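Accompanying notes for the structure given below.
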Amino acid sequence: GTIPCGESCVFIPCLTSALGCSCKSKVCYKN
């Protein structure tokens, strides 16, 4: 929840979810 993964999730889910990232406020974050 604190480290940006450099990916947005406005229209599509986080592809970086495979790396432990999740969507928060339209941006993918890790932890």
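Glycine is treated like the rest: Cβ placed from N, Cα and C.
For Cys23, the cysteine that Swiss-Prot lists as its disulphide partner among Cys9, Cys21 is Cys9. Within the set Cys5, Cys28, Swiss-Prot assigns Cys28 as the partner of Cys14, by disulphide bond. Sequence-distant neighbours of Cys23 (disulfide bond) (same chain, 6+ apart, CB under 8 A from its CB) are Cys9, Pro13, Cys14, Tyr29. Looking at Cys28 (disulfide bond) and Cys5 (disulfide bond), their Cα atoms lie 5 Å from each other.
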